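Visitor: Would you mind keeping the following structure in view while I ask a few things?
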Amino acid sequence: MRGSGEMGERQKMLVLYATQTGNAQDVAERVGREAARHHFKPVVESMHLYDANELPQESVVVFVVSTTGQGEPPQSMRAFWRSLLRKSLGHRWLESTLFAVFGLGDSGYQKYNVTGKKLDRRLLDLGGQAVVPRGLGDDQHPSGFEAGLDPWLAELWVALRQHVPLSAGLEDRRPDETGILILDPPKYRVTYYDSRAPESNLAAMPERSKTDIVERWVEHGRARAMVDSAGNPFGNAREHNSNSTGYGPPSMPVFAKLLTNSRITSEDHDQDVRHIELELGSSGTRYVPGDILTLLPCQNQASIDKFVSRCGLDGDTFVTVEAANSDVCTLTQAVDVEFMSEKTVVSLRTIVEALMDVDSASPRRYFFEVMSHFAEAEHEKERLQYFSTPEGRDDLYRYNQRERRTVLEVLEDFPSVQLPFEWLLQTVPRLQQRSFSISSSPLAHPNEAHLTVAVVEWMTPFKRKRRGLCSSWLASLDPKQGKVFLPVWFTKGAISLPSPSVPLILVGPGTGCAPFRSFIQERIALSNKGEAVAPVLFFFGCRYKSKDFLYGADWSAWSKGQNVLSVEVGGDFFVAFSRDQLEKIYVQHKITEQGKKVLQMMQSGAAIYVAGSADKMPADVLSAFESVIAKETGWPQDSVSKFLRDLERKGRYVVEAWS
């Protein structure tokens with residue numbers, strides 16, 4: 001049993017998170033707030049900023065991790081995870097450490113919450129003592145991941161008290177008479193200036209570019225750096241000079257010029273898919289097939305104006321944002337370091353534009369809890385308080401997440417609430433980067449990068465039409481109306497093109513064809529230069545030949561002569577038009593139809609790549625390959641499964657899927 005030391009002294013609790021979209025960070029911050037209420041001294045930090053070698057010195061650690069793609073850990077966890085896998089670490093390495101793991105995932109994916117499960121097992125292998133069984137949050141649950149989080153946290157605090165008794169003179173904070181906990185202090189302190197910044201700060205601003213988009217990026221970059229530094233001093237510099245966090249871009253983008261933005265589905269089709277071409281200029285940026293292009297979308301200015309007006313803000317006011325004193329701190333705040341002496345000053349509107357997703361993302365539950373403390377109308381206060389309780393969780397999920405209500409919509413539904421800017425800054429979801437597979441080869445299109453973008457539209461359960469922020473913004477850009485520049489970044493994707501001598505089996509329905517367009521272009525370009533390249537089998541799928549046969553002319557041309565999709569060289573191209581006949585036909589049906597050819601290619605050492613929607617397609621395609629192998633070889637099911645697992649382990653069966 002661990003004691004808490006002298007009277008009133010609090011036990012440190014380290015909360016480490018690894019996030020891709022911000023959910024894990026949100027949960028980690030909630031753990032930190034509740035830990036402070038239970039008289040722990042929480043330190044909340046991203047894994048990429050923490051040295052894993054220090055873990056044995058920690059008494060209590062809570063891990064919050066998400067699972068991305070088809071079972072990968074977030075970028076911000078990968079170095080930490082590699083460090084934990086070192087063979088030199090013994091089975092008693094963490095014998096003095098109490099730990100708890102909460103994983104976030106989506107049971108719609110094949111490898112549900114695998115990151116949290118693997119981390120929990122590894123910590124046990126290293127001698128750590130689990131305070132409670134690992135918790136798992138599922139986005140597919142009718143109430144979202146919080147259905148698993150709420151009971152897990154309640155169990156955690158009870159169990160921890162058996163190991164870390166409360167010091168004399170302290171007692172856990174209780175809810176007030178309304179059943180709602182007293183509001184914690186905000187983590188930011190905002191200082192307001194007149195409607196222009198002090199001269200000293202303006203003079204220190206970087207030299208402005210003549211290009212509007214560069215100037216805008218400089219302003220937005222300064223705003224992001226200031227706010228991130230306030231929440232995480234010094235960690236920010238490391239975070240924004242790399243793309244290790246998985247969400248939040250690095251500091252210096254490439255300013256790419258928009259050349260082409262054309263619709264490649266028919267006008268009468270219900271899905272608008274865009275072919276976008278970008279010129280990379282003199283940046284010298286290099287990418288390879290399989291890489292990812294990332295960008296931050298621009299928000300609608302009318303929505304920004306509406307948000308600023310609804311919140312009673314003066315967008316022209318200049319502010320500085322600093323860390324406030326709080327019971328919850330980051331690791332770097334806990335270290336005695338000298339903070340930057342010069343304050344950054346930016347306009348309030350710039351902070352809203354650059355950081356706060358006001359009209360796309362749904363707010364978290366903590367947003368409603370904070371709102372309840374500022375509601376003037378009694379009926380609004382009661383409803384917000386109810387939403388903030390475990391009993392109101394399901395109703396909140398139906399009102400908020402399922403309907404994908406935006407921050408702006410929620411604020412309009414509760415007109416008596418007037419949140420201070422400090423709380424808006426803390427609780428409004430961050431504007432997130434969006435990533436796209438590059439659909440061009442740098443050999444075929446030097447100094448260019450192409451994208452294949454589906455404009456996201458859907459209906460909510462209450463029949464409200466929604467559009468994706470980034471895809472809608474991209475679709476609206478018109479290079480014919482003048483020069484358009486986009487700040488973009490390049491990162492390594494989940495798939496990469498192997499040696500030209502390796503045969504390929506590609507499965508890419510819909511926009512899943514994007515990385516494979518890059519693969520095929522690259523191999524054709526190499527072949528045209530006289531290099532020997534292996535053939536490719538490509539399975540594509542769409543609804544109608546006449547409406548959404550993306551890049552149909554390209555696939556047809558590349559299936560002729562000595563090109564890699566040509567039957568003459570051992571390749572082939574197969575397409576499933578799911579709605580052109582009464583019986584629906586998908587890519588998995590085409591795979592089983594071509595079983596002999598597929599198996600021959602696999603036996604010749606082919607690598608298999610699958611890309612596209614994460615709904616049912618990856619599992620259905622895997623089942624098709626299992627059926628082909630079983631039918632053509634006569635192997636039992638366990639041998640077939642082992643064969644495919646071995647291919648996956650060797651990097652010869654790779655899936656890149658997205659929601």
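Just so it is clear, glycine is given a Cβ too, placed from its N, Cα and C backbone atoms.
Quick paste of what TrEMBL says about this protein:
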- 13-157: domain 'Flavodoxin-like' (DOMAIN)
- Thr19, Gln20, Thr21, Gly22, Asn23, Ala24, Ser66, Thr67, Thr68, Gly69, Asp139: FMN binding site (BINDING)
- 251-498: domain 'FAD-binding FR-type' (DOMAIN)
- Arg404, Arg434, Ser435, Phe436, Ser437, Gly468, Leu469, Cys470, Ser471, Trp658: FAD binding site (BINDING)
- Thr511, Ser578, Arg579, Lys584, Ile585, Tyr586, Val587, Gln588, Asp620: NADP(+) binding site (BINDING)
Visitor: Just to be sure I understand, if DSSP states are collapsed into helix, strand and coil, how many residues of the domain 'Flavodoxin-like' (13-157) fall in each?
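Guide: For the domain 'Flavodoxin-like' (13-157), the helix, strand and coil counts are 58 helix, 36 strand, 51 coil.
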Visitor: Summarise the model confidence on the domain 'Flavodoxin-like' (13-157) as a single mean pLDDT, whole number.
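Guide: So the average pLDDT across the domain 'Flavodoxin-like' (13-157) works out to 93.
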Visitor: Where Asn23 (FMN binding site) and Arg404 (FAD binding site) are concerned, what is their Cα separation in Å, rounded?
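Guide: Counting only the Cα atoms, the answer is 15 Å.
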Visitor: In Å, how large is the greatest distance between any two Cα atoms among Thr511, Ser578, Arg579, Lys584, Ile585, Tyr586, Val587, Gln588, Asp620, the listed binders of NADP(+)?
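Guide: Across Thr511, Ser578, Arg579, Lys584, Ile585, Tyr586, Val587, Gln588, Asp620, the widest Cα separation comes out at 19 Å.
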Visitor: Hey, of the binding-site residues listed (Asp139, Asp620), which one tops the CB count within 10 A?
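Guide: Counting Cβ neighbours within 10 Å, the top one is Asp139.
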Visitor: Please list, in sequence order, the residues in the chain of Thr511 (NADP(+) binding site) that are at least six apart in sequence and whose C-beta is under 8 Å away from its C-beta.
Guide: Val273, Thr452, Val453, Ala454, Leu550, Gly612
Visitor: Using the alpha carbons only, what distance in Å do you get between Val587 (NADP(+) binding site) and Ser437 (FAD binding site) once rounded?
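Guide: Spelling it out, the Cα of Val587 (NADP(+) binding site) and the Cα of Ser437 (FAD binding site) are 20 Å apart.
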Visitor: Round to the nearest Å and give the CA-to-CA distance linking Asp620 (NADP(+) binding site) with Leu469 (FAD binding site).
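Guide: It is 30 Å, counting Cα to Cα.
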Visitor: Out of Thr21, Ser66, which of the binding-site residues has the smallest number of neighbouring Cβ atoms within 10 Å?
Guide: Thr21
Visitor: Restricting the comparison to the binding-site residues Ser66, Thr68, Ile585, which residue's C-alpha is spatially nearest the C-alpha of Ser437 (FAD binding site)?
Guide: Thr68
Visitor: Consider each pair of residues in Arg404, Arg434, Ser435, Phe436, Ser437, Gly468, Leu469, Cys470, Ser471, Trp658, all listed by the record as binding FAD, and report the largest Cα separation in Å as a whole number.
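Guide: Value for the max Cα separation, rounded to a whole number: 25 Å.
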Visitor: I need the nearest neighbour of Thr21 (FMN binding site) among the binding-site residues Arg404, Ser435, Leu469, Arg579, Ile585, using C-alpha distances.
Guide: Ser435
Visitor: For a quick check of packing: other C-beta atoms within 10 Å of the C-beta of Val587 (NADP(+) binding site), how many?
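Guide: Excluding its own Cβ, Val587 (NADP(+) binding site) sees 25 Cβ atoms within 10 Å.
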Visitor: To the nearest Å, how far is the Cα of Leu469 (FAD binding site) from the Cα of Asp139 (FMN binding site)?
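Guide: Between the Cα atoms of Leu469 (FAD binding site) and Asp139 (FMN binding site), the distance comes to 21 Å.
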Visitor: Which one of these binding-site residues, Leu469, Ile585, has the sparsest Cβ neighbourhood, judged by other Cβ atoms within 10 angstroms?
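Guide: Across Leu469, Ile585, these binding-site residues, the one with fewest Cβ atoms within 10 Å is Ile585.
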Visitor: Express in Å, rounded to the nearest integer, the largest CA to CA distance found among the FMN-binding residues Thr19, Gln20, Thr21, Gly22, Asn23, Ala24, Ser66, Thr67, Thr68, Gly69, Asp139 named in the record.
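Guide: Among the residues the record ties to FMN, max Cα distance equals 15 Å.
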Visitor: Do me a favour and check the Cα-Cα span between Arg404 (FAD binding site) and Asp139 (FMN binding site); whole Å is fine.
Guide: 13
